[in-house]
Amino acid sequence: MTKTKQEIYNKRPTSPHLSIYKLQISSTLSILHRMTGVALFFAVSILAWWLILSKYDNNYLQFANCCIIKICLVAVSYAWFYHLCNGIRHLFWDIGYGFSIKAVNITGWCVVVCSILLTMLLWV
C-alpha cells in the first residue's frame, strides 16, 4: 500500500506548543508595528493623492467632513503615534536598554497607553 504525500502530511502530529501558545505583549506589539508601518505607507500615499486632487477641485475638501473619513483619520493618527512610540522603544533597545522581561512588558504597555493619549490629545 502506497500512501500519497497528502495523506502522510494530514496524519502528521502537530507540535503541542502550537495549540497552547499564547501571544505575549512583545510579539503582539511587534506584529502591530509592522502592520502600522505598511498601513501608514498606504495612508500617506492616499493622503498625498487626496491633497493634490483637492488643489484642483474643492469638492475633495468637502469630502473630509464625512464621518467615515474622520474615523479613518483618527485611526491613521493612532497608527502614526503607535508607530512613533514603538519606534522610540526600539531605539532604546538599539542602545541596549530595556531588555529584561519586566521592562519589555512595562514599555510595551506604555507604548499602547501613550499612543492612545497622544491620539486623544490630537483629536479632542
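Backbone N, Cα and C define each Cβ position, glycine as well.
Here Swiss-Prot flags 1-29, 89-103 as topological domain 'Cytoplasmic'. For 30-55, 68-88, 104-124, the entry in Swiss-Prot reads transmembrane segment. According to Swiss-Prot, the feature topological domain 'Periplasmic' maps to 56-67. As annotated by Swiss-Prot, heme binding site applies to His83.
Mean pLDDT, taken over the topological domain 'Cytoplasmic' (89-103), works out to 96 on the 0 to 100 scale. When DSSP labels each residue, the topological domain 'Cytoplasmic' (89-103) comes out as 9 helix, 0 strand, 6 coil, counted as helix, strand and coil in that order. Same-chain residues lying 6 or more positions outside the transmembrane segment (30-55) and placing a CB less than 8 Å from one of its CB atoms are 61, 63, 76, 79-80, 82-83, 86-87, 90. Proximity of distant same-chain residues to the topological domain 'Periplasmic' (56-67), defined by a Cβ-Cβ separation under 8 Å and at least 6 residues beyond the stretch ends, is recorded for 50. Within 10 Å of the C-beta of the residue listed as 'heme binding site' there are 20 other C-beta atoms, taking all protein chains into account. Long-range contacts of the topological domain 'Cytoplasmic' (89-103) within the same chain, counting only residues at least 6 positions beyond its ends with a Cβ under 8 Å from a Cβ of the stretch, are 33, 110-111. In the three-state DSSP reading, His83 (heme binding site) counts as helix.
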